[in-house]
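Below is one structure, written out as structure tokens, with a few remarks after it.
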Amino acid sequence: MSSTTSTSCGVRWITRLVPCFLLAIVIYATYVVIARICVDYLLRERHETGLAAAFIVLYFIFFFLGITCYIRTIWVIKKDPSLVPLEPNSRGAQVLRSREHRRHKGLKSVFGRPYNDEESSIGYSPPDANPDSPGLERFYSKDVFVCESDGRPKWCHDCGQWKPDRASHSREIERCVRKMDHYCPWVGGMVAENSFKFFAQFTFYAWLFCAVVLSATAYTIAKQLEDGGVPDGHTFAILVLSGFLGFFSCAMSGTALRFISKNMTNVDLLKKQMSYQLAVRVPLGTPPTERFMTITYPLPRLASVQQQWQPPQPLASSQAQQPTAQTNGEAESQLPTETDENPSALRDRLAQRTFAILRTEPGENPWDLGYRRNWIEVMGSSPIGWFLPITRSPCTAHDNLESEYPYGPVLADLKARYGLDPKPWTDKEQGIELRDQTRR
């Protein structure tokens, strides 16, 4: 079983059968619309050559565009489904190895769900308290990331590793997925960051295709009734199917367009009233206040393996304006850290970054860039790419040095709300900070 398929045997079978069902419908619709309606009825019987030609041209235009987008969607879902890579020793990697071992041995559960003594014994995975936890540096090397109350990134208890911004754990495939939208048997799997653009294009062309079929069948039945004849049974069957699938694809296309315009997903919609906590980079050594806590990365390495890093605590109002042992800089100096002669300790000191932990208001979307930029993030800037499934969404590149995904005006408003400089961090300020640290 592939790691991108559902863990449910029933859902896996549905995922395999639905494309075959759609293929059968398209073949049947092609026979009815082209052969029985356009050729036999409109062209030969009614001699409406122009109308027949129009239906045939529109039918095949939207058919080929739709099938191309459909194949592209399935291909991306199968080959690159936006899964978060697993750390080698994480719980998720152990579970995956256990499933592969079970698959090779042919072991199955009664209900089609994975079951194995080794897998069930892996159990719950608490957040890693190790300051050198694998993957942690990928977060604090950015200027902004989503965090927990203690300032560390989101943790996936099922995968046993840090969860990137906007990633969600799917119970359907038991993996963390970037910008997960939904599991769709109609396209063979998980619609997420890499496939959402092509899925939106497919649903749009599927709607137009169904509209052409619906128009052709409705016109034919209306003329047959007008002439006092009996409507053709095949035509009526395709009328019903195209009406149902057209309504479904229109709703899906409209929903996809709405999500693109707001830079959100189905998962974001379900968490619409949720507040996000963001770790926002501030000048090195910024003390915590009564309004927000701060945390400095890299977290201090402790001399004793028995000791573990503890999260920062908020200051009381009487302590908020003066440095205390609660500030990250002084708290680190009191811990039994490695000696300054250690090259790794010097490296960490030069790479130190302080972050303020800020909370958004319920319902605020920090990734909403405005309609135009939201559209470009998903569909790209080329009009050709808007209509043809050629290039992937720009948001899949993850080449932004400031954050995993670009943040919108909410971030600047959030900084101003907490009394911080709303301007983004600059490379010049970073260089000054590093030079100051080197002189100390």
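Cβ from N, Cα, C; glycine included.
Automatic, uncurated: that is what TrEMBL annotation is.
Remember, predicted model here, so these are calculated numbers, not experimental data.
Annotated features in TrEMBL:
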type: TRANSMEM; residues: 21-43; note: transmembrane segment
type: TRANSMEM; residues: 49-71; note: transmembrane segment
type: REGION; residues: 110-130; note: region 'Disordered'
type: DOMAIN; residues: 152-272; note: domain 'Palmitoyltransferase DHHC'
type: TRANSMEM; residues: 204-222; note: transmembrane segment
type: TRANSMEM; residues: 234-257; note: transmembrane segment
type: COMPBIAS; residues: 308-326; note: compositional bias 'Low complexity'
type: REGION; residues: 308-345; note: region 'Disordered'
type: COMPBIAS; residues: 327-337; note: compositional bias 'Polar residues'
type: REGION; residues: 420-440; note: region 'Disordered'
The domain 'Palmitoyltransferase DHHC' (152-272) [mean pLDDT, rounded to integer]: 94
The domain 'Palmitoyltransferase DHHC' (152-272), counted residue by residue under DSSP: helix, strand, coil: 69 helix, 19 strand, 33 coil
Cβ-Cβ under 8 Å with the transmembrane segment (234-257): same-chain residues at least 6 beyond its ends: 25, 28-29, 31-33, 36-37, 196, 199-200, 203-204, 206-207, 210-211, 213-214, 217-218, 220-221, 224
